[in-house]
Amino acid sequence: MFGTHGNCQKHERTHNGEKPYVCKQCGKAFSTQNYCKIHERIHTGEKPYVCKQCGKAFSTQRYCKKHEKIHTGEKPYVCKHCGKAFSTQDHCKVHERIHTGEKPYVCKQCGKAFNTHSCCKRHEMTHTGEKPYVCKQCGKAFSTQGCCKIHERIHTGEKPYVCKQCGKAFSTQGCCKIHERIHTGEKPYVCKQCGKAFRLLGACKVHERIHTGEKPYVCTQCGKSFTVRGACQIHERTHTPEKPYVCKQCGRAFSKQRYCRKHERNHTRDKPYVCKQCGKAFSKHGYCKRHERTHTGH
């Protein structure tokens, strides 16, 4: 039952897919006038909702109210699984999905599931190619406003998120939260098989492959599979001449970082061979000769 005819019509659009409200700037269509107005603020930059404490402005009332709870410190929503408290019910629900593994948002294109609506929407744009958010500095386009803002901090050097423990600053809230777990010891991601806890979701997923035997990264040359992308990339270099790790002393290149580091230690030993031109010393006669050629051009 609906209180008004308008509310009923709005609900019916979720079934019939009708989107009668169209953005004047880009032509994107919406099921409600309110959604259309909020979207149009991307183009106009309008932020009518202002925080009473610090004056920060927001495009929606919901975002403004969520922000204002930062100042009050109010965290009325508590996780049923671990007791962690949150300022908003949404944040609490998203957090609880870490424990339950629930992923209620499904991509209409490929069926991939996500634990938040925003992550799902962001993913769906990889299928459509839509990138409505443009960097003011260099013109690079992004599928989400959040990604665009983070990118723009490369140009401005802004790092608005500061660790409460040590004062280290970060360009994204996510990086700051991950860092703070070093101080708190919080490990919210737990292996379903053995109960081992991890600070990072990625580390937990890699660990779980020990139990499942999953090796999703496959060498394009020989078909050998790996549990982590990095191991696969290192292996693939055995098929190609790629050697991205270069010794700072002599310029010798290596396919693996550990080989390069091991080699660089050779330079810290005795260096009896000295360049006649500039006095630079080397541990091996061959290195010295190679270097001296940089002066002669031979």
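Quick reminder: no glycine exception, Cβ is built from N, Cα and C everywhere.
Per TrEMBL, the features are as follows:
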- 21-48: domain 'C2H2-type' (DOMAIN)
- 49-76: domain 'C2H2-type' (DOMAIN)
- 77-104: domain 'C2H2-type' (DOMAIN)
- 105-132: domain 'C2H2-type' (DOMAIN)
- 133-160: domain 'C2H2-type' (DOMAIN)
- 161-188: domain 'C2H2-type' (DOMAIN)
- 189-216: domain 'C2H2-type' (DOMAIN)
- 217-244: domain 'C2H2-type' (DOMAIN)
- 245-272: domain 'C2H2-type' (DOMAIN)
- 273-298: domain 'C2H2-type' (DOMAIN)
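The residues of the domain 'C2H2-type' (133-160), classed with DSSP into helix (H, G, I), strand (E, B) and coil, number 12 helix, 4 strand, 12 coil. Simply put, out of 21-48, 49-76, 161-188, 217-244, 245-272, 21-48 has the most Cβ pairs sitting under 8 Å from the domain 'C2H2-type' (105-132). Listed as Cβ neighbours of the domain 'C2H2-type' (49-76) (distance under 8 Å, sequence separation of 6 or more from its ends, same chain) are residues 38, 41-42, 85-88, 90. For the domain 'C2H2-type' (217-244), the list of distant contacts is 206, 209-210, 253-256: same-chain residues at least six beyond its ends, Cβ to Cβ under 8 Å.
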